[in-house]
Every structure is written in structure tokens, then in C-alpha cells.
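S.K.: TrEMBL lists 10-116, 117-225, 226-330, 331-435, 436-608 with the feature domain 'Cadherin'.
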Amino acid sequence: LLVLCVSGMRAETARYSVPEEMERGSFVAHIAKDLGLIREELLARQARVVPNGEKQYLQLNQHTGDLVVTEQMDREELCGQSEPCLVRFEVLLESPLQSFRAEVRLTDINDHAPVFLNKEIILKMPESAVPGTRFLLESAHDPDVGNNSLQHYNISSNEYFLVYTRRRSDGRKYAELVLDRALDREQQAEVTFSITAVDGGNPPRFGTALIRVVVLDINDNIPVFTQTLYKVSVMENSSEDTIVVVVSASDLDEGTNGEIVYSIVQNSEENLQTFKINPETGQILLKKPLDYEEKKSYEIDVQATDGGGLSTHCNVEVQVKDVNDNAPEVIITSLTSTLSEAVPPDTVVALFNVRDRDSGDNGRTTCELTGEQPFRITVLAADAYALVTSETLDREQVAEYNVTVRARDEGSPALSASKTLLVRLLDVNDNAPTFSQAIYTMVMSENEPAGRSLGRLSATDPDAGENARVRYSLVPPPTGTLAAASFVSVDAESGTVRTLRPLDYEKVPAFEVTVDADAGQNAWLSYELAKATEPGLFRVGLHSGEVRTARAVTERDAARQRLIVLVRDRGRPPRSATATVAVALVDDFSDAFHQFGHDPAGGQQPQVAEEEMLTTYLIASLCCVSSLFPLSVLVLTANALCRARVRAELPPPSPNCYADGDFGSDGVGVGSTGTLSPPYRYEMCLTSGSGRSEFQFLRPILP
């Protein structure tokens, strides 16, 4: 049985930092120490790491308390260009339930070199270009971030050009080629040199490309854009071929020198996969749908080139607008699928988180339960919840529940998601058995032999399993009333009522007995030896009730042994009863049979008859003493002399077998508040020197 209870959840987050691509098994942190936990507690409470995503990158060693890497983490694969790159998880402990939030920041390592998409870059420049003219170059791509990303550009030595490294608004670097000396096509029609992109790693990585500058004949006007910067917004659910913006440039030249062609400068492969441009009209269109959750903005470089080879460029900033296109997710972090029907209200059944990838109102969520059920939701943190019981449960009314948790966002239109949890209730023994009828009337003929079946009782219990197993027993009658319980017995398992002895109609025309039907642990019996003349000589079977010798019988043991056996059930409160067993120790069993040859029913005569018989004996004794006193003195004297002579001839004394008269009038006593069946008496004897477990029942005497 598992009952899940929340003892607390920390709101603060433990933060760690490790380089990306660490080997499996690498040490991250001693998280047990940071959370104030001891190693033994981690193992006992089944501490474990619950990732935020689908993949398990980290693992908690329950023996050492160390957080280690289980899967290599590539920062570029997980986060792309986003910073910081965080791997979030929770440390979950049970008994009681605790949850600690933590995150590991992946720091970038210089595992990528800058790369130019084109290994050869061709530029066409008019010979009339004046020194100081700037030309935009294709940017190199480096997926690393921070100092490990692209930092600056260099060009090889040449007579005409310099290179400057510029920084965009998003932090990326690009190169501008600056004419340092006037070109002369007649002297040199083409200038060739290399450009190198260098990152800031240690050691630095670099990538190179070849630049070929083709010197054109004079074209004295370059195209001019109407705007140097275009800012537009696009909904993320826009379809393919949606027009994003139209750029426009003009050229004062005529003819082919005034014809403008538009193109997108290859500053990133992602831009080329997402956008396209009409070379004649300047329309920028979508190649594929956008996703706000993947990328929130784009920066595009557009180039306008006239027929004479002159070109200029402008910048287009595209902001992606979020739409409510992601439904909330209900993530179950812990679930108790079986629950005792006896758990109190506010018992935790499950822990879960709700996540929505949208932003703003589209990403704000609420949680609720569908239908009327004895459960409610408790908020633990901004996106963490607990499903708890709201009232007491009853398995006999409802054995299991399908609890549906529904999460809804605040977008327009609102999106929702549901998750159904199956909770089964475990039975406890909270119902007493019920008889099919309150009074059973049974008929028997007088003088019928013992053992005849009079009928069968029937009781049921709405509990399940062992808790529904019913046992029957007779309730002892009040003291001083007719011992009707000695007339019949009831089978503990089947409820069959049988006679114990023949009855006389003239003496007992009718009688009543009460049966209390127990079920479950109320009917589980255990026996113990409550009191004994010599406690170490006998023992009682815990569940069988068998009385056995615990050691060999010796001549030092008392000849008469008195045992009190206690039996109790496991009900609440427990009920019990006792029985007294008289034991005689003898030399051999022949003496025992001789001495036990009396009428077994003699000990069961009414007490009044015994008192009358005793009075008669007293009167006769007084008469004899009065009339025959002298003779009695002589007889006693002779008897004493004879006994002394006999003792001198007999071997050493040994224990005797005692007749029924040596013990109480009853061999067995039953407590007035117990639940035992009608009393029984056992007559038994043991020889001196008997071994362990050599206890023999001669015969049971039914009342």
C-alpha cells in the first residue's frame, strides 16, 4: 500500500553549469549536499531525476548523491543560437514526497569553425568607384555562441581593399569590404584575394573563402533603396508563399545599367530555407511556415544590382507574432494508482505539471477536474499541481475512479488538453458481517444422537478478499443462565449448526443461542500459555492451539500441573477467552487408564447435588466418630503401622496419576466475556522422563 503525501516543494531552483558534450558518467555536482540531504536518505526515499523533456540527460547516483551525465548534450542541437542554454529537471523524493527544481546551464565549447556557404565570392565593381566605397560580403556561419562565435574577418594582402568587421543588432558579425585605392580596369581587370573568418575560441578556429573582384567598365550610378531598413511583422501561422514585404530600389542610369535585379544575400542558411525573393519585383515571400516557438525574429540582407554590376543593399527585420497554436500539456510526474479507502482527506494522489509553449495570454493556463468526484487540485507552484483527496473514500460504494484533469490556456480561441488517471481503491475491513435473518428457528427430536445437522447460518460481508471471509462462533451465555451453548456447536467456516448431545424434551423443551459472525482479522485467532504451574514444561501452538511438552518430564516436576490457555482474536478491540487444562504426571499409562475409569460425567453434576452429598457424608462421619471412637483409634494406629512397613518396601516415590476428584469440579474454565465454543475438558497424564512433545490426550469429555 502506497499513500503519497506532500511534505513540501521548494520554490527556489538549484543552478549548475557544465560544458557541452561532456562524456557519459561525468560528474556535474554533489546535489545531495546542495539540497541538504544525506546519502542514506536518497536511497531510502527513492530519489530520482525527472527531466523536463523527453530525454534523460542526467542521473542521480543514490549511493553517492552525485549528479552525473547519462547522455552527451550538444548545446547547438538543444538550443541553437539561444542563450542561456538550460537543461531543467526536478529531483523527486518519496515518503514523504518532496520535489526540488534544478537546472544545468550548458556552456559553449569551441567545437565549430566558421564556414562560408560559398567557397568563392565574385564581386563586380566599376572602375569609377571612389576610395571609401563599401561592399557587403557574404557572412560566415558559426553555430557556437559567446566568445566561441565568429569574432572578426581578415583578408590577405592586396593593393586595393580593406575589410571591416561590423556587428548586427542581434550580436552577429558581418564583413564590409572597403575600397582603399581607385581601380583601373586597363591596368588590372580582376583582383583576387582570400577572406578569413576567425572565432574567439582558444585556440581559435577559422574558415576561408576566395574573393574575386571583377572590375567593370564605368557605370556612374548605383541603385538606391527607398529605405535602408525595413521592419515587418508576420503571424506564425502564415502559409507558404505569403508576401512578407516588398523592397524597392531605383537607378538613375538608363538601359541595362538602370535595370535592377534583387537577391537575398546569403548571411545564413536558415534565411535561405525560410525566405525567397522575386528578382524583378522585390517581393520577399515565405518558403515554409514560421514557428514562433522555434524562432522569434529574422534579419535579412537584400541586395539590388543594376545591369552594369553596381549594387547596394538594405536590411529587413522580420518579427514573428505568436498565435495560440499549442495546446497545454499535462505531464504526470508521480502517480499513486492504488489508494486505500481509509486515507484521510488531502492525501496526495498525483503530482503533475502543465506546460504551454505559447507566450503571453496564449501560454497562461488553468487546471480543473471534470465531473463530481472526491478529489481536488492544489497549486504547488506556477506550473506545478497536486491531485489530492477532498473527502473520505468508500470502496464499497465506488471501487475505482477515472479522474480527468483538464488544462486550458487563455488564448483566443482557448485550447485545452485532458489526461485521465485511473485510481483504484484498496479495501480495508470497515464493514461488519450481516446475517441474512436475525432469528433462525431450528427443530430437533429429543434423544437424537450427537452430530446431527440442524441447519445452516448465512452471513455476508461487503468488504473484499480476506476482509470478506466470514467465521462463525457461539457467544457464551450470561453467568447463571442455562448453558445452552453446550447443547449445539456451529462450524466456524460453513455456519452449520450441529447437536453436541441428546436432549430430553421434558427437561429442555427449547433453548436459544447467539452467534457473532466475525470477518477478516476479527476472526484470526492466536493462542498462548497465560499461566502454568511450571512455565517451562509446556508450550501452546500459536495458531493450532496444540498443547505440547517443551522439555523432558523429570521427577522434580510437580505431579499435578495446571495450565491456563488464552485465545484472542485480532479485532478492534480484541476479544479473548481462557481455558484451564489439568495434567497429572504418572509412571505409566496403565495407572492413568485405571484412575480415569470413573464416570466422566460425574464432574458435571449440579453443584446443589454435590452439596447435599457432602452433607450426608458429614452426618455419617459424625455418627461413626461418636459411636466407634475407640475402634477408630485402633484402626488408625494399625493403618499407620501398615503404611510405614509398605513404604519401607516400595521403590523411591514417583508421580501419581490423579483422579478427577483431585482437581476442581471442572477440568476447564471459560471466561465469561470470550468468544470460545462450548467448554471441553481433557484428562491426560505423563510419565516421568517423558520427552518433548509426548503429550497424549486420553479422551475428550463432552459436557
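Just so it is clear, glycine is given a Cβ too, placed from its N, Cα and C backbone atoms.
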S.K.: Compute the average pLDDT of the predicted model within the domain 'Cadherin' (10-116).
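M.R.: Summing pLDDT over the domain 'Cadherin' (10-116) and dividing by its length gives 83.
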S.K.: Just to be sure I understand, if DSSP states are collapsed into helix, strand and coil, how many residues of the domain 'Cadherin' (331-435) fall in each?
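M.R.: Here the numbers are 4 helix, 55 strand, 46 coil.
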S.K.: Of the residues in the domain 'Cadherin' (226-330), how many are helix, strand and coil by DSSP?
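M.R.: Its residues fall into 10 helix, 48 strand, 47 coil.
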